[in-house]
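Visitor: Would you mind keeping the following structure in view while I ask a few things?
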Amino acid sequence: MDLKFNNSRKYISITVPSKTQTMSPHIKSIDDIVVLGINLSKFNKPTQFFICVAGVFIFYLIYGYLQELIFSVEGFKSYGWYLTLVQFAFYSIFGLIELQLIQDKRRRIPGKTYMIIAFLTVGTMGLSNTSLGYLNYPTQVIFKCCKLIPVMLGGVFIQGKRYNIVDVSAAVCMSLGLVWFTLADSTIAPNFNLTGVMLISLALCADAVIGNVQEKAMKLHNASNSEMVLYSYSIGFVYILLGLTCTSGVGPAVTFCSKNPFRTYGYAFLFSLTGYFGISFVLALIKIFGALLAVTVTTGRKAMTIVLSFIFFAKPFTFQYVWSGLLVVLGIFLNVYSKNMDKIRLPSLYALISKSVEARKSRTLAQTV
């Protein structure tokens, strides 16, 4: 900004940089949304939506298929933590590559915060992967759909929050659906184990905490997604490596995977790559269309994942899975509705009755005339 004075008057000259000039690395155009090299800002809204939804479904369906495929390898079920170690290594590499493509490469979030986030990330993904050694994949996905339950319990007991009737109804539907689905699984699944339920429940609790910590850290320090991925997963890699070394879990896992590297390391690479790409499209979907539509799309993706799991991998089936799954979906809808009550206005019972009475009066009047 240049301030210039004349003899008789003064004026201010403001120079606006042209589009060709380099912008500050902290300022990003709200119209420029690039995902995996695709500039979505060049397309209209319907095309953007189609690309994002296609990306979410394609990459996450492959992600889920590969995750279950890895654990279908005979003898691999006891190496869930080693799979998480390999996954964290790939995520760290992907995050480093992406960080090199942006202008600002400085670390903004303090190291102590990353140590906490990394610990929670290890708990979320490590326990989730390990639970597949004890549970059917559809049961694990149903549990992951119900993150609202530990979030609400933590809000009540830790922060003293109070929730409205819609939130409570959502938690009740999810809880009943989970219990019903788990009972069905314990009745017909040959490999059901309560250890798996405990592991996935602990993973849910860690996942409920990590979202709040990550959001607060990124907003407070204005950090990028690639920075968060790089540092949280690289520190988490060190945590898991130390844990497996202390428990002598690295040697047997390396020996087992080296016997069939394609079905272990090859699947793990594709599994990690598709997961990394999938989250990129989810973030783009949230940025363009909002969290409401993004939750709807990801919920549909999880439902499709469960269906494909029954199609591609032989396992017992009962219609109790269907009814309990619908209860969980109802709980998810109620949760989304509670967060967006100002955008989604459902007609009240009084309004429906009044509208019905008015319609009857109109018909009576028309008959009289």
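Cβ atoms here come from the backbone N, Cα and C positions, even for glycine.
Predicted, not measured: the structure shown is a model, and the values here were computed from it.
Here's the feature list from TrEMBL:
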type	residues	note
TRANSMEM	49-67	transmembrane segment
TRANSMEM	79-102	transmembrane segment
TRANSMEM	114-135	transmembrane segment
TRANSMEM	141-158	transmembrane segment
TRANSMEM	165-183	transmembrane segment
TRANSMEM	189-210	transmembrane segment
TRANSMEM	230-253	transmembrane segment
TRANSMEM	265-285	transmembrane segment
TRANSMEM	292-314	transmembrane segment
TRANSMEM	320-337	transmembrane segment
Visitor: Near the transmembrane segment (230-253), which residues from the same chain, at least 6 beyond its ends, have a CB less than 8 A from one of its CBs?
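Guide: Cβ under 8 Å, 6 or more out: 79, 81-82, 84-85, 88-89, 91-92, 95-96, 98-99, 107, 109, 114-115, 117-119, 121-122, 126, 214.
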Visitor: Check for me, if you would, whether the transmembrane segment (79-102) reaches the transmembrane segment (265-285) - at least 3 Cβ pairs under 8 Å, residues 6 or more apart in sequence.
Guide: yes
Visitor: Below 8 Å between Cβ atoms, which of the listed ranges 49-67, 114-135, 320-337 makes the most pairs with the transmembrane segment (265-285)?
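Guide: Going through each listed stretch, the top one turns out to be 49-67.
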